[in-house]
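Report on one structure; see the data block that follows.
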Amino acid sequence: MRLQLSAPSTKNIQKTIQVTGSKSETNRSLLLRALFPNISIENLSISDDGEVMQKGLQISSGEVDIHHAGTAMRFLTAYFASQPNKEVVLTGSQRMQERPIQVLVEALRSLGADIQYVKQEGYPPLKISGKKLTKSQVSLPANISSQYISALLLIAPSLENGLELELVGKITSVPYIKMTLGLLEQIGVDFIFEGNKIKVDPKEKVMDTKLVVESDWSSASYFYSIAALCEVGTKIKLSSYKQNSLQGDSVLSKIYTDFGITTTFSDNQITLEKTEESRQENVSYDLSNAPDIAQTIAVTCLGLGMGCHLTGLHTLPIKETDRLAALQTEMSKFGAKVAIDSESLTLQPISSIKSGVDVDTYNDHRMAMAFGPLALKTDLIVNDAGVVSKSYPDFWKDLKTLGFGVSEM
Ligand SMILES: O=C(O)C1=C[C@@H](OP(=O)(O)O)[C@@H](O)[C@H](O)C1
Ligand SMILES: C=C(OP(=O)(O)O)C(=O)O
């Protein structure tokens, strides 16, 4: 699907949008419910990643294909490895077969798991023969992906001796680890997280517990970007959000004050209001705790003619695409000057951007969604726009609700 995007007739938007549940909270909650059946879940993410996780958890033998879903790949690897009587081949899209998983496989093997690489050493697909894991101490690098750590933490309470993790190196994407621990806390699991050690106690049964998934903050980022590119007075309300979020991307409410956006929380809703024009020429952020909003922020800056220096982006090259390279290529099409290295991106301020650009999306939902708001500044085309279904299938429909021109070519 190739979409032509154009600006709404008014840049003073006053609308309300219901955003689907967080895919990160959803896929954790689903795994916990598979281990502890008296958990119930509300506001599940309606998305490809949530769907493949639900399907994967129902399978006991044969092939499980999780497409592009990183969390499903990592969480299900730990799940199947710890389930006696289950034997599966866990596979995914071509890109998933290029996303590393060795750290998790090594950690699980050190606990006694039986996991074989089907094709290339260190990468999916994996042949997993589930076993009862009785060892309880594991050490693993923490600087590549926090999902390996969350995967181990999620199965930890179901192991007969619990689990003690030693995290080696600088811990990346820390809020996602805290999100996992936050959910364990909600189901009554005891743990200690001190320095580079996490200890999780075993738990045989949990009380009847309802996990209510908050809507997705990474998805909210595109509305922050839209509000920032609109006129002062714009108000966009999003449901269902709360002030004490488990999601690290809720840092958006602070970051976007630099772009003139004030966030107010009330009755499960946030209101994003553009209260002033941004007065800064350059901004800089360390996004090692919030990697998924890097693309949004970079494109907001491009639209506002601002420069930015984003650091802590060392995980971006191994996500749905190499996001640093993809951002550089696509922003350059608009006339931007963008420099990247292995962990940062620098955008120079520019006074005007080119129109009629064809944005390529590289099978990455966030490439499509990050560039969408730029239609407020210039007409553009988004190629393979259906990729948004990974986390936010209604994204284009919701853009139409805000008044954007969205037409298939
Ligand atoms: O645990 C999670 O739900 C996630 C962790 C992050 O990955 P890394 O830890 O690999 O940075 C994030 O980018 C991803 O979208 C979701
Ligand atoms: C990196 C992402 O997802 P995952 O790693 O779960 O595929 C994302 O949604 O931005």
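A Cβ is built for glycine as well, from the same backbone N, Cα and C atoms used for every other residue.
Of all Cβ atoms in the shown protein chains, 22 besides its own fall within 10 Å of the Cβ of Gly70 (phosphoenolpyruvate binding site). The annotation phosphoenolpyruvate binding site is assigned in TrEMBL to Lys23, Gly70, Arg99, Gln147, Arg323, Arg366, Lys390.
Secondary structure at Lys23 (phosphoenolpyruvate binding site), taken from DSSP and collapsed to helix, strand or coil, is helix. Taking all protein chains in view, 28 other C-beta atoms sit within 10 angstroms of the C-beta of Lys23 (phosphoenolpyruvate binding site). The annotation 3-phosphoshikimate binding site is assigned in TrEMBL to Lys23, Ser24, Arg28, Ser145, Ser146, Gln147, Ser173, Asp292, Lys319.
Look at TrEMBL and you will find 64-399 tagged as domain 'Enolpyruvate transferase'. Confidence across the domain 'Enolpyruvate transferase' (64-399), taken as the mean pLDDT and rounded to a whole number, stands at 98.
Residues or ranges marked as active site, proton acceptor in TrEMBL: Asp292. Long-range neighbours of Asp292 (active site, proton acceptor) (same chain, six or more residues apart, CB within less than 8 Å of its CB): Ser218, Ser221, Asp249, Arg366.
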Original post:
Counting every protein chain present, what is the number of Cβ atoms, excluding its own, within 10 Å of the Cβ of Arg323 (phosphoenolpyruvate binding site)?
Top reply: 26
Subject >> Listed recorded positions with Cβ under 6 Å from ligand 1, out of Ser146, Ser173, Asp292, Arg323 >> reply: Ser146, Ser173, Asp292
Original post:
Of the binding-site residues Arg99, Ser146, Ser173, which ones put their CB under 6 Å from ligand 2?
Top reply: none
**OP:** Taking the Cβ of Lys390 (phosphoenolpyruvate binding site) as the centre, count every other Cβ atom within 10 Å, in any protein chain shown.
**Re:** 24
Subject >> Whole-number Å value for how far Gln147 (phosphoenolpyruvate binding site) lies from Arg28 (3-phosphoshikimate binding site) (Cα to Cα) >> reply: 10
**OP:** List the Cα distance (Å, whole number) between Lys23 (phosphoenolpyruvate binding site) and Ser146 (3-phosphoshikimate binding site).
**Re:** 15
